[in-house]
Amino acid sequence: MKTISFLSIISLLALTLSLVIASDPSPLQDFCIGVNTPANGVFVNGKFCKDPKLATADDFFFSGLHNARAVNNAVGSNVTAVNVNNLPGLNTLGISLVRIDYGVNGQNPPHTHPRATEILVVQQGTLFVGFVSSNGDGNRLFTKTLNKGDVFVFPEGLIHFQANVGRSPAVAFAALSSQNPGVVTIANTVFGSNPPINPNVLARAFQLDPKVVIDLQNKF
């Protein structure tokens with residue numbers, strides 16, 4: 001019985017630890033407004049903390065997400081992030097927001113957020129969205145067509161995408177479970193690294209002719 005109890009305690013501690021490290025650290029104060037210089041406070045979670053007595057409402061305010069963004073790049077989308085870098089009051093709060101504008105046939109190409117789960121809601125248009133599970137789960141593809149008001153969740157760290165399949169521009173908003181979730185765009189990372197990955201490595205990984213890989217690398 002003692003052995004069972006000990007193992008149960010160890011399992012509970014492991015589960016608790018995994019939950020603790022699954023997202024940004026919990027704050028130990030009401031807020032810790034991020035600043036870029038040490039003159040105003042101490043370094044906490046990637047930012048220096050402003051003296052809380054000097055906090056104002058503007059430290060927690062961001063304006064302009066109602067405005068449409070221009071979509072004129074190769075993938076046909078524009079992501080406007082609201083994170084700790086432009087809303088300093090988010091520091092240590094473990095959350096951020098993005099607005100995504102999609103042109104006709106535009107997409108937010110396959111990418112991952114290494115530090116956050118994402119929950120997306122469609123504000124305008126029709127999106128085809130999906131994510132791929134990890135190797136251990138067989139790389140299963142989960143997809144859904146979303147219309148205005150529909151919501152979809154992308155688990156932390158998994159490759160996911162959105163594509164505009166409607167006949168007009170689309171807009172979505174997404175919340176992420178980190179003040180600075182990061183983003184890794186798969187094509188840019190694989191074919192646009194600096195310096196480039198050896199084409200022979202990529203050719204074998206993707207079962208392509210090295211000349212095709214070099215052509216792809218030249219596009220990024």
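Note that Cβ sites are derived from N, Cα and C of the backbone, with glycine treated the same way.
TrEMBL labels come from automatic prediction, so no person has curated them.
So that you can see what the record holds, here are the features copied from TrEMBL:
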type: BINDING; residues: ASN108, HIS113, GLU118; note: oxalate binding site
type: BINDING; residues: HIS111, HIS113, GLU118, HIS160; note: Mn(2+) binding site
type: DISULFID; residues: CYS32-CYS49; note: disulfide bond
type: DOMAIN; residues: 63-214; note: domain 'Cupin type-1'
type: SIGNAL; residues: 1-22; note: signal peptide
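Of all the Cβ atoms in the protein chains shown, 24 others lie within 10 Å of the Cβ of HIS113 (oxalate binding site). For the recorded oxalate site, residues ASN108, HIS113, GLU118 set the reference point as the centre of their Cβ atoms, and the other residues of that chain within 8 Å of it by Cβ are VAL98, HIS111, THR112, ALA116, LEU120, PHE154, HIS160, ALA174, LEU176, PRO181, VAL183.
In this structure the alpha carbons, written CA, of HIS113 (oxalate binding site) and CYS49 (disulfide bond) are 25 Å apart. In sequence order, PRO110, HIS111, THR112, GLU118, VAL129, GLY130, PHE131, VAL132, PHE154 make up the list of same-chain residues 6 or more apart from HIS160 (Mn(2+) binding site) whose Cβ falls under 8 Å from its Cβ. It is 32 Å from the Cα atom of CYS32 (disulfide bond) to that of ASN108 (oxalate binding site). Taking each of the disulfide-bonded residues CYS32, CYS49 in turn and counting other Cβ atoms within 10 Å of its Cβ gives the largest count for CYS32.
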